[in-house]
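> Here it is: the structure, laid out below.
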């Protein structure tokens, strides 16, 4: 019985985790998946690894990759919460906000591909040279 309680207690903090990563789920997981699926109608995937995965398994496989990444974020969350270092709160805040910002960037980039037929990276590249 002790092992069962220990197993259940490992997942007791999932509601707190989901509350903390709501913007990661919104932008990095759902937003990027939906806009990538739509943007592929207007061009191609520039990331060679993702292009190969999409070709072999379909664009839906991106959700599996995102779920795996979310599991890694949860693992990181648990390690940081169990640590007694004074830097853990700062590390968690910086890491989750950074991932959410990357997700927002990906969504904006994909929306530009859909509506303007050029990516944000192409615009930045033309402005710098």
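Numbers run from 1 along the shown chain.
Note that Cβ sites are derived from N, Cα and C of the backbone, with glycine treated the same way.
Annotations in TrEMBL come from automatic prediction, not curation.
Got these off TrEMBL a minute ago, pasting:
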| type | residues | note |
| --- | --- | --- |
| DOMAIN | 24-115 | domain 'DUF5658' |
| TRANSMEM | 21-44 | transmembrane segment |
| TRANSMEM | 56-77 | transmembrane segment |
| TRANSMEM | 98-124 | transmembrane segment |
> Using DSSP, tally how many residues of the domain 'DUF5658' (24-115) sit in helix, strand and coil.
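Once the DSSP states are binned, the domain 'DUF5658' (24-115) shows 76 helix, 0 strand, 16 coil.
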> Can you tell me which parts of the same chain pack against the transmembrane segment (21-44), counting only residues 6+ beyond its ends and a CB-CB cutoff under 8 A?
51, 54, 59, 62-63, 66-67, 69-70, 73, 77, 96-97, 99-100, 102-104, 106-107, 110-111, 113-114, 117
> In terms of Cβ proximity under 8 Å, which residues at least six beyond the ends of the transmembrane segment (56-77) contact it?
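Here the qualifying positions are 13-14, 17, 20-21, 24-25, 28-29, 32-33, 36-37, 40, 50, 92, 95-96, 99.
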> Average the pLDDT scores across the domain 'DUF5658' (24-115) and report the rounded value.
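Result for the domain 'DUF5658' (24-115): average pLDDT 94.
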